[in-house]
Structures are given as C-alpha cells and as structure tokens.
Amino acid sequence: MHRLALLALLLLSGSTATSTECEQCKFAVELLHDAWGDKTTEECVGELALFICQTFKIEDHFICKGIVSDFSDEFMYVLGQIIVEPHQICGLFFDDCGKFIDPFNSTWSVPMPAGQPAPVDKQPVPAGKPTLRALHLTDIHLDMYYTPGLETKCSEPQCCRPQQDPNEVSVAASADVQVPAGPWGMVGDCDTPYWLFINMLGFIQKNHKDLDYVMVSGDLVSHAVWDYTRDAHVAMIRNISDTIRMYFPNIPTYFAVGNHEGVPIDNFAPHFTPKQFHMDWLYDTMADSWNEWIPEDQVKTVKYMGCYMKQIYPGLRLISVNNALGGDSVNFFLYVNQTDPDGTLSWLIKQLQDAELAGDRVHILAHIPGGNGEALEGWALNYYNVVNRFQNTIVGQFFGHTHSEEFYVTYENPESASSRPTSVVYSAPSVTTYSQYFPAYRIYTIDGAYQNSSYQVIDFEEWYFNITEANANPANPQWKQLYASVNQEYGLKSQAPSEWNNMIERMKTDDVLFEKYRENYYRRSRYDGIGGCGEACKKGWLCSARQLHHSKALCADLDSYLERNGRNSYHRKPKPAQLTKSEINQALLARKHVRANDQCPL
C-alpha cells in the first residue's frame, strides 16, 4: 500500500518555502483535513490525494495514480493521528512555514547504563598481526526493468526503463530517444542493471579470494517507488541473498535493512500501530533468506524489529540495526510516536552492555547515517550518545544510504568539535549509479582474530566501474581500483577518529587534499577541478563530516552549517511553476462540475 508519507514527500519536497509555497501547503492540508473531519470514505480520500498530486503537478498522471492507488487505510490512520492544524504539518516540511509542534517530544532520550569505563583512545595495530578482510556493499538498487536504448533524461523520477506515460518513449533505439541508456548502466536517474551486479560479484569472486565476510548495508530494490509491492520486494530480497550466496558459498554475509525495503518506501510500522501495518511480511522474509547467517536465538528479534546480533569471531560481535524503523524522518508512523520505536535503541544498548561486560568489541551495521537529512534528530542524538557511552566497545560503524563516499566523526561533547573525537562512521559508496556516481564497492582490512585483538579497522581500499568507458567498450568492461589504501590516499597515520578529525582540519587549507576527497566522493564520475567548490561550498563539505546529528554548534568554527535537505534516495524532477490559490480553487470547481454525481464531495 502507498501512503501519506510518499505523497507528502513529493508534494513538499524541499525545505525553504516561499510565501506562495507555504500557503499552497496549508491549503492542501486543509483540504485533506476537511476530508478526514467529514469522515469522507476511504475511496474519496484517495481521490482527493490524486487530485492534489495532479493539480499541483507533483508528478505525471501515471505516477500520481501509482502513488495513491492503494494506500487509503494507512493514509486514514496517520492523517487522523497527526494533522490537527495546517501549520503543524507544513512546519514539519518547511522551516519557515509555521512551527511544527510535536506532541510526542522529539527530544526523547533512552536511559544509559552507569559505570562507563574511562575512555581509551584507539591505538595503531602493530605490524605483522593477523588481519580480516570484509567486503562492504551498499545501495545496490537493482532495476529488473533496466533497458539499454531507452531514455536516460525522462520526465519521471527513474529512467532507463519503460515509462508509464504514453507520451514518453518506451521503445529502445527509437529516433525520439535523446540520451539512450547504455549497455552497462547510466550515471543519472537510473539504477543498476542485473547483469552489472552479476559482473561485479564475478569480478570480486575472481580477484579478492581473501575475503572473510561480506556486509550489505541495505537498499536492494530500485527507486521506482510508485511501483513497489510486497511480493516484488520479497522476491528481490531472496534473489540478491541467493545470488551473493552463489558467488560466495563459504563466506558469511550480514545484511542491514534499508529505507527502500519498506512498502511503500520508508514504511516501517512499529507495533503500536494496527496489526495490518506490521512488518511481518518483510522481517519474516529476512529471517528466512538470511537464516544461515543469523543465530537461532536472534530470529525472534529479526522477526520483531529487523535487528540481530551475532558473535562473528571470538571477541567480536556484529550488530545489525534497523534504523529505518526508528530514525527515518519520512516514516510518518513516527510522527504518531517517535520515542524509541519497538525499543530498538534500548535493545542496542543492552547488546552493547553485554559486549562491554564480556570484554568484546562490536561492529555496527546500519543504513541511514544519523546526520543525514532523512534522519530524525531524536534518534540521531540518542544514537550519538550511545556511541559515546560505548566508545571503547564500538570499533566499527558501517553505513550506506548517501550513495557517496563519506565519513562522520563523533565528539565527546556532541555540541563541540573541539572536544575529543570518539569514533568514526564509514558511509560506503553505492553500487547504483543513481543519480551521479560510478558504481563502487569497498574492502576493509581489520585487525584479525587473535587473543586481545582490537578488531578495529586498519585500512580500506575501493574499486569502481567507469560506466562511460564500459559503455564505449561493452565487450570488455573493467573494474578499476580507485585507491589501494585510504591511509595513503589521504595521509592518515591510522583509522583512529583523531586522524579523520585531523583530515577535516587539514582540508580547511589544503585544497589538493580537499579536491582529492571530492573526486573520490563521486568515484570520478563528476569533477569540476580545483576551484570548482568555493569557500562556502568547502565549509559545507567539512561541516558534513561532523554531522552525525543535526548541530550547528559542531560547525561553529566554520561559520557554516550544512542544511541537509532533500533526499539521497529519491530524486524528483524540478518543481513546476507554482499554482496560485485562485488556480487551485478553479481546479477544484472544475472537478466538482465534472463529477457532480460523485460520492466524493470535493
């Protein structure tokens, strides 16, 4: 089913409203609220949502129909819970359009166990010790409908596939195609062809025979969000799990849940919602598809909240956290109640405390980084505090979602970047090209399995696939090494948080280092050279690396704050010309005239 979250996302995407957009938002919400208050039938609410989507030209007619076609139950539930006054919902999406009053207190907190050990700074691993090699894949976003020759620059949010609008070209090699999709994929609003995914796994299997385990940090399905169905998602999870198992039959693989695994997108209903919204269909599929990699005593937890813990080596535990359930700002169920949904953070704290008491180290695998624009601050700040409380225990944090190569440093004082760095979060590059990247994967070298191992990351390398070159020579596509050692690439002495913090400081004045980071961020798919990013632009990039939660204070010395607006995981086309209130009223009157005998009293 589709729901309010996606409709509102499309309607209100962006962050800073003009006065016209603000009034437009309030007027739209008044229409929705009137429908609810009048106890309009579910069919009518769907018609109303379709009317708004089409009238405001949020997307084309066919996508609007897909978005609203079967979401009435969820729409009615969430709408009735959260929309009381227009300024509340509009203030949520637009910073300057009224104040969003959260009746459930977004500054909630979870209790931390007392007795925190004295912080111990990460020390370099002595040379000659055994090591582990871990492959990190993220944001695969397979599109089973990718078709070479179709339009890359279409009007819909995802291209390189047959379009629903008959005015769009859906015939490969048609003379009307302006930018045809290449045989191996396209940089732009296109996702991963299945054969590119297979090619990547085959290359890794052949060239990296020293892998010890694989991590996949979520988002397996395409960005065609209006086409999402539970059955298709179940099939994709099984397909990708089985395919990875086929290429790496003797290597364990550990998954985390991405926001695109929800149907509709971002939909992860906590158990306080009616049973019809619960996530059994997804979590049961995960438990079944990953059964050989999940301990038997963790299956119940997977089926309840999509999380699990596994002791993967003596002294090392891996914890997979479903932070789409609790931290995704477009999971509108959370605006009914944001406080630790299904006890996910409380569960994480318990796992970390158990590890601390046992003297074990922990790697955390999750999807959405806390400072991302799609992460709720309540969740982000709580997670930040958890990381600081267990900074001696947590020695690796592996995320995805942004599609770019990024890192985040946490600090002892969550409001001061001059305080001691406590951890580093790795956000790995995506397999998908969506919407401006070459495909890539990462391999970590980790302190190995021996007595008193630190299990911390020692170094990592990255490999990428130049789509432009592959499409020019499709018979011989090549995966290339982006760099062999991130330590050498950026002049890091180790992977200690202090070294990554020093890199932020060095990039303030070292333009060559900064531009190297920018070039790798895109995997060389997009680069405008030194000087292409001015001083204000640079400050935004540096601020980003400090933002594991949304704090202006962390960037005070930069005189900058990165407003994390928009979505990494869904790219809409430019907004059409704004409608005036008069034009909206005219559209409303026209619909009343056309459907005078309708039971939907718009």
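Here the Cβ of each residue, glycine as well, is placed from N, Cα and C on the backbone.
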Among H136, H401, H403, which residue does TrEMBL name as a further Zn(2+) 2 binder in the site formed by D219, N259, H367?
H401
Quick test of reading the record: TrEMBL lists a disulfide for C159. Which of C97, C154 is on the other end?
C154
I want to verify the bond table. Which candidate from C533, C555, C600 sits on the other end of the disulfide that TrEMBL records for C543?
C555
Per DSSP, three-state class assigned to C537 (disulfide bond):
helix
Within the chain of C159 (disulfide bond), which residues six or more apart in sequence place their C-beta under 8 angstroms from its C-beta?
L150, E151, T152, K153, A181, M186, G188, D189, C190
Excluding its own, the Cβ atoms lying within 10 Å of the Cβ of H367 (Zn(2+) 2 binding site) add up to 29
Sort the recorded positions C154, C160, D219, C537 by C-alpha distance from C543 (disulfide bond) and give me just the closest.
C537
Can you tell me the CA-to-CA distance separating N259 (Zn(2+) 2 binding site) and C160 (disulfide bond), as a whole number of Å?
22
Out of C22, C160, C190, the listed disulfide-bonded residues, fewest other Cβ atoms within 10 Å surround the Cβ of C22
Which one is closest to H367 (Zn(2+) 2 binding site) in space, judged by CA to CA distance, out of the disulfide-bonded residues C154, C533, C537?
C537
Let me make sure I understand the structure: which of the disulfide-bonded residues listed (C25, C154, C533, C555) has the fewest other Cβ atoms within 10 A of its Cβ?
C533
Around H401 (Zn(2+) 2 binding site), how many other C-beta atoms are within 10 angstroms of its C-beta?
30
